Structure formats: C-alpha cells, structure tokens
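Over in Swiss-Prot, the protein carries these features:
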TRANSMEM  12-32  transmembrane segment
TRANSMEM  42-62  transmembrane segment
TRANSMEM  70-90  transmembrane segment
TRANSMEM  102-122  transmembrane segment
ACT_SITE  D123  active site
TRANSMEM  137-157  transmembrane segment
ACT_SITE  D141  active site
Amino acid sequence: MSQSICSTGLRWLWLVVIVLIIDLGSKYLILQNFALGDTVPLFPSLNLHASAYYGAAFSFLADSGGWQRWFFAGIAIGISVLLAVMMYRSKATQKLNNIAYALIIGGALGNLFDRLWHGFVVDMIDFYVGDWHFATFNLADTAICVGAALIVLEGFLPSKAKKQ
C-alpha cells in the first residue's frame, strides 16, 4: 500500500536541510576566516577554536592512521538510511521522534560531508571552565546530541503525548 510522503515522518526532512545549511555554513566561515588552531574568545568559558578532527567523540580512533575516516563515513550513511526508513514508517504527526531523527540525520550528514570533502571534521566550539576544556565540537554534533536527547525524552512521555 502506497502512502503519501507528507503523511509519513519524511515530511520532516526539511529539518535535515536546515541543519546542513547551518552546520556547513558555520564550518565554511570558520575555514575561511581562521587558520586551524586559531582561538578567539567569545564569552567567559566559550571560545571559537578552529580544529581538524580525525576521530569521533572524545578522540575515539583519532590516531588510527586514516582508515577511521571510511569507518565513520559508513556509520553515518548507515544511521542516516536507518533513520530515514524509520521516518518513512512513522506518521508525520509523531513530531518528537521525527524531529529527533531529522536532527540526527542532518548532523550525521554534516560530519559525513566534512570527512569526505576535507578528510576530517571541522570543529569550532570550545567550552571550558577554568583550565578544563570540554571536547571541541560543532553544530552537527549539537544536532546529533539534541536529537538523541529528544529520543530519550520521548521514551518518558505518556503514550498520548507520543502521538502528538
């Protein structure tokens, strides 16, 4: 039985495009205006810091000789396809899940673009307290984390709210 894309979660794919535009635009601006390693303080505890990142979160596989680029690219493609299928199978009215999936897909594709185009992921947000610095990250990473948090939140909502 065929169903209209607008009646499925794929209706929310526009959010993937928004995430990609914002993420890739921010990375473009960083690469055009900063040398890798440059840091500019924005606020207390927040810097812009242009960096090339070869691994995954918290330096996972960062020094593995290059093969991890393709490994993480495959993961990004696989997760994006899986979530797109889940969006297709869900109703457009299941907003929270579909927004979460779209944020994760947008973030995954933003970092995938970096890995394929540059050979590394461009990170620029440096949050710190005193001398302790959190791992530098980008807007794609933020979209992925917000999407994951929404999925967790959805799990705690009563079933009536899940259908909204």
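Placement of Cβ uses the backbone N, Cα and C atoms for every residue, glycine included.
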One finds that other Cβ atoms within 10 Å of the Cβ of D123 (active site) number exactly 22
Give me the Cα-Cα distance between D123 (active site) and D141 (active site), rounded to a whole Å.
-> 9
Spatial neighbours of the transmembrane segment (137-157) not adjacent in sequence (6+ beyond its ends, CB under 8 Å) are 19, 22-23, 26-27, 57, 96-97, 99-104, 106-111, 114, 121-125
How many other Cβ atoms are found within 10 Å of the Cβ atom of D141 (active site), counting all protein chains shown?
-> 21
